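What Swiss-Prot says about this one:
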DOMAIN    12-240  domain 'ABC transporter 1'
BINDING   Gly44, Gly45, Asn46, Gly47, Ala48, Gly49, Lys50, Ser51  ATP binding site
DOMAIN    240-503  domain 'ABC transporter 2'
Amino acid sequence: MQTSDTRALPLLCARSVYKQYSGVNVLKGIDFTLHQGEVHALLGGNGAGKSTLMKIIAGITPADSGTLEIEGNNYVRLTPVHAHQLGIYLVPQEPLLFPSLSIKENILFGLAKKQLSMQKMKNLLAALGCQFDLHSLAGSLDVADRQMVEILRGLMRDSRILILDEPTASLTPAETERLFSRLQELLATGVGIVFISHKLPEIRQIADRISVMRDGTIALSGKTSELSTDDIIQAITPAVREKSLSASQKLWLELPGNRPQHAAGTPVLTLENLTGEGFRNVSLTLNAGEILGLAGLVGAGRTELAETLYGLRTLRGGRIMLNGKEINKLSTGERLLRGLVYLPEDRQSSGLNLDASLAWNVCALTHNLRGFWAKTAKDNATLERYRRALNIKFNQPEQAARTLSGGNQQKILIAKCLEASPQVLIVDEPTRGVDVSARNDIYQLLRSIAAQNVAVLLISSDLEEIELMADRVYVMHQGEITHSALTERDINVETIMRVAFGDSQRQEASC
C-alpha cells in the first residue's frame, strides 16, 4: 500500500532495544524500522514481545538499552506526552476510554482548541461511516465501537506514526473495509502505520512489510510479496503442533464437580420468544455435546442476548428454560449454580481481576459459590491442573493476571469458566486478539469440552471461525433470528454473511 518508491528518512528506527522483567529477557536486541506511507505488520505469538516493543515506542515503558530514531532524531527514552508531541499514537488492543464521559469528550480529551476540532471530528466520523450518538456515554459502547473511538482519538491528533494493536479484532468485514479505506488516505499523506494482527489475509491485503517476533527477537522480516504464508506461520510457531489435545491434556481437562451428565443431543437450554435490550422474539435450542454458533454483524444483539441469559441484563419477555425449568427470575449466582456459565467478550474489564493472582482468578467463581474464601493450596493445585491442560505460560501462581500475554489471559479466563462445572458454556468472542497458536489451542479446547457433553454457545464475529467450529449456526440480524439454524453445507461464510445482512433468500445446500 506504499504510495511511492521514493522514501525520505525513516519515520521510526528502533535499534538494539533490550528489555527485561524480573530477570526474564523480553526483548533481545530488537531492530525495527517504519517508513513514510507504509504499513509494517508485526506478528508473533502471545508473549513474543510485540506489546512491550510498542509500549517502548509509545513512551509507556522505558527500554533497558537501545535507541529510538524518530525522523532523524535520536531518543533513549520517551514519555507518553513526548511521544504524542512527536506524532506517535498507540491504539491499544483493549480500548482505554473514560466510560462516564461522552463519546465526543473521549475523542477530544486532551486536545487544544476543541471548538476548532469539531468539524475535523465530524469529517473523520463521516469518512469511517461511524453512526455514533456523540452525546452517548462511552461506557454504553460495545467493544468494536470502543475500538473505533480509540482509532478516532489517534487520527484527531494528526499522528505521523500510528500503532494499531489488533484494530480489526471485533470489527465486521464491512467495518474493516471502511477502516482500511481510511488508512489508505492516511498513507497518502505520509503517515506510517504499525499494524499488529493475527489475521494473515488482512495483513496481506494492507501491509507492505512484515516482521515476525518470536521469543523477544525478530525471527523473520521482509516484503509482504516475498514471504509465503508457510514462512510466516513457521516463524511464529516453529515447533510441530498436535492437531488435538494430547491424552495427558485431556486427562487434566476432565471437568470438576458433580456435573449432571446429559446424553449427546439432549436439549439443555431453550429460549422461547426472548425479548430484551437489543433483541426481540429470539427462539432457539442448544443441545448437550454440540457447539452452536451465533453469528451476526456487530450491533446485531448477540452480546446483549448472552448477558441477558446470564442474568446481567433485564429480560423483557419470553422464557429461558435450563434443563426443562424456567430460570427467568434467578440471579446470576443461581444460574451459575445450575451450570450456566458465561465467558465475556472483554476479558480485561469483565472477565478477569487483573491485579489478583492467577490462582485466585481461576477459582474466582467457585470462591463465590463457597463463600468467597480462597484456599491458597487448593487454588494453586487447580491452576496447575489447567496449566497442564491448556498449556498456559506463567512463572508463579501468585503473579498478577495483567502480567500475562493476551492469549494466556484468555486461557486463564477459560479455566475460570471450566472450574465452575458448566452444563452450558456461553463463549463471546473467545479468540479475539490471540495469535494463531493460542487460537488453535482454544479451538481444540472447545471441542474437548463439547465432547464431555457440555452445550457450547459460540458467539463470534469471525465467520471462518464459525464455519470451522459450529455444528449448527443461528444468525442474528438487527436483534432477531429470522432463519432456522444453518447446518452442514449451509454453514459457510457466504451464506452466513447473506443472512447477517438481512438477505431473506439463502441458497439451500443440495443433498
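Counting begins at 1 with the first residue displayed.
The backbone N, Cα and C atoms fix where each Cβ goes, and this holds for glycine too.
Note that the structure is a prediction, hence the values are computed from the model and not measured.
Overlay of Swiss-Prot feature records on the structure.
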residue : record           : CB count, 10 Å
Gly44   : ATP binding site : 29
Gly45   : ATP binding site : 25
Ala48   : ATP binding site : 25
Gly49   : ATP binding site : 25
Lys50   : ATP binding site : 25
Ser51   : ATP binding site : 22
Tell me, roughly as an integer, the mean pLDDT over the domain 'ABC transporter 1' (12-240).
86
Secondary-structure category, per DSSP, in which Ser51 (ATP binding site) falls
helix
Three-state secondary structure of Gly45 (ATP binding site) from DSSP?
coil
